Amino acid sequence: MQVRHNIHPDHAKQFDTAGLRKEFLIENLFIANDITLTYSHIDRIIVGGVMPVEQTVVLSPELGKQVGVAYLLERRELGLINVGGAGVVTVSGQAYEIGNQEALYIGMGNQEVSFASTDAAHPAKFYLNCAPAHTTYPTRKVTQAEARPVTLGDNATGNRRTINKYLVPDVLPTCQLVMGLTRLEEGNMWNSMPCHTHERRMEVYFYFDMTENDTVFHFMGEPQETRHLLVHNEQAVLSPSWSIHCGVGTRRYTFIWGMVGENQVFDDMDHIAIRDIR
């Protein structure tokens, strides 16, 4: 499990490209028949990926030891969205079939969790966020049809997109974790512009649905001290509460957003006027 520390904005603005990428970019999320996890001290979120191919991948007790407990979900909840082929997640003996762009919420206290692919030729890719929890809520699958969609933006400004809210209070209860998926329409390249920050939550963006020759210029930093990261397919960016988070791609793409922090109010954000960005 990699560890990333919280960075003060006065420190972050001193980084060169390599320094920014080291602290905020997560590059290699999916490894065949393995689980990759990155622990961030920003609200103590864990970001990871699981790609079972011909083997079943299990959340081992060793992962719990790395966060000071007997098993990973002893004091944590977990949300995942599948961005690959069909798969099965088994939680405490109950199997959940999770198709492409379907989600699963796993409540605190589940000790036995395993991941498998339905077809090794088209393996599942489970992208996950895991956050501290204070109580147990029921484990539940969320399909695309059950998510709460909101379409925003305009073709003229290149930001026509549909925000699909999977793990939000309107769909199911969680302790603090909120997750969803935003899909840009063809010919649109901007996300979250005009941009915002949210003082009471951190956020992680996971970009996917891109060709190997495409990229997203992800903008970050304080509104008057912006920087950028070049992000490629199936890579994630940690966004502290003080940082803007928006991007423009060489063509359309999809991204998963996950938030943890003070509240679960999706619209609790501090909007930044485009003319005020530096």
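Positions of Cβ are set from backbone N, Cα and C atoms, glycine also.
As annotated by Swiss-Prot, Zn(2+) binding site applies to HIS196, HIS198, GLU203, HIS245, with the evidence given as sequence analysis. Over all protein chains present, the Cβ of HIS196 (Zn(2+) binding site) has 16 other Cβ atoms lying within 10 Å.
One way to see the shell of the Zn(2+) site is to take the Cβ centroid of HIS196, HIS198, GLU203, HIS245; the remaining same-chain residues with a Cβ within 8 Å of it are SER192, CYS195, THR197, ARG201, SER239, SER241, SER243, ILE244, MET259, MET269. Secondary structure from DSSP puts HIS196 (Zn(2+) binding site) in a beta strand. Cβ contacts within 10 Å of HIS198 (Zn(2+) binding site), excluding its own Cβ and spanning all protein chains shown: 22.
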